[in-house]
Amino acid sequence: MNVLGSGTAVKEPAEGESPAVPHYPSLDGARGAAALMVVVFHVSGLLQSGESSDRLNRLLTQTISGFGHIAVAVFFLLSGFLLFSEFAMDLIARSGRKPLARFVSRRFLRIYPGYWVALIAAELVLGPLVGGRIGLFTLMERYVDPSHLVTGLDVAWTLTVEVSFYVFLPLFALALGIVCRRIDSQNWRIVFVFLLTLSLLAVPRLFQHFVAEHFPTDRRIYRVAIEYLDWFGWGMLLSIVASLLRIGWRPMSLVYRFGTMRRICWPLAVVLYAAATLTIGYDGSRVGALPSVPDAQLAHGLYGVAAFLFLIPLTIGIGATSKRGFFSSRLMYEIGLVSYGVYLWHDIFLKYYLWNFTYTPGIGLFVLVVAVLVPLSLAVGWLSYRLIERPAMKLSW
């Protein structure tokens, strides 16, 4: 019995057989676009705020106010998709590949060398950063000192969440593997892995309800790491479907084909982004206003689903591995390669400007700073990739 629904039956690969991992050419471009959205989001603080801001300023501020959320959602979904891929193949198809050692070395070398250089540069350019040196260099400062919302580089909180996910993922895969080894049927292994991964989507809300609400002043990063687990989970679900496609599942239903098309998924993603941004969006007129917890949770969920819809055509859609479309263009591919450096360095440059120059907020200044900061960050990001990140990655096992 094929419990996967319509489509051809899943091929049972020979024990130890490992279907080749395909390359998804659009994902680098998607990552690059997300990095640029973060840059624009941070610069949007230069837009005029307060009751005196005009309608155009408020509309622009409101539109951009969700860029940071949706960009981080895309980052985390991409991590869930790409990093769970080999684990999923081993769990479902018993490929025999044990990706743990390679996973650890590649993740360490992907995150830390580039981050260390940016952190040292920030200390030299901006002066002493908030936090202990050991905690900052290990990205563990928010675990050992919960008294500050932001330590070190402002953007580094997402790296701490990423590293926390890197610890969680092998343990999660190990737990699944213990059970999967006792399940002979590949179809039932698929069902088990899918359902357990699906359950991750509920963890943040359960944690918020049963734990976080009882300790509202606790700012430790583990809370943030758990509260974003659903975004990683969406990406992991995509990796399971991609794994099924790799081992021979060919869904033939029109629902699947239409449901993974860009012209269907992307407009829906835009609608959900707009709904989330209207729910908690900041238009510049309510200085210091914060959304209610229910509104923030609703928007968080909408951003996650919007990012999921955005990535569906690029990961499991028809032609996802073909080089077509804007995000697989040469330009977006190159931006994606240097996106990590862009993400780290733009914040240093922006802070240096804000701390050392006087300025008058407004749309004109916003456009000017974006026009200068984007190419500057791309240039330094390129240097970071060529001189630090790529050489470091070559050292992985």
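Just so you know, glycine gets a Cβ as well, placed from its N, Cα and C.
Copied over from TrEMBL, here are the features:
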- 25-385: domain 'Acyltransferase 3' (DOMAIN)
- 1-21: region 'Disordered' (REGION)
- 70-93: transmembrane segment (TRANSMEM)
- 114-136: transmembrane segment (TRANSMEM)
- 156-179: transmembrane segment (TRANSMEM)
- 191-211: transmembrane segment (TRANSMEM)
- 231-249: transmembrane segment (TRANSMEM)
- 261-282: transmembrane segment (TRANSMEM)
- 302-319: transmembrane segment (TRANSMEM)
- 331-350: transmembrane segment (TRANSMEM)
- 362-385: transmembrane segment (TRANSMEM)
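Here the transmembrane segment (331-350) sits apart from the transmembrane segment (302-319); fewer than 3 CB pairs are under 8 Å, leaving out pairs fewer than 6 apart in sequence. With respect to Cβ pairs under 8 Å, the transmembrane segment (302-319) is most closely packed against 261-282, considering the stretches 70-93, 261-282, 362-385. Sequence-distant contacts of the transmembrane segment (191-211) (same chain, six or more residues past either end, CB-CB distance under 8 Å): 3, 84, 88, 91-92, 176, 179-180, 183, 223, 226-230, 232-234, 236-237, 240, 293, 297, 300. Sequence-distant contacts of the transmembrane segment (156-179) (same chain, at least 6 residues past either end, Cβ-Cβ under 8 Å): 72, 75-76, 79-80, 83-84, 87, 90-91, 100, 103-104, 107, 111, 115, 119, 136, 139-143, 150, 192-193, 196, 221-222, 224-225, 228-229, 232. The average per-residue pLDDT of the prediction over the domain 'Acyltransferase 3' (25-385) is 89, rounded to a whole number.
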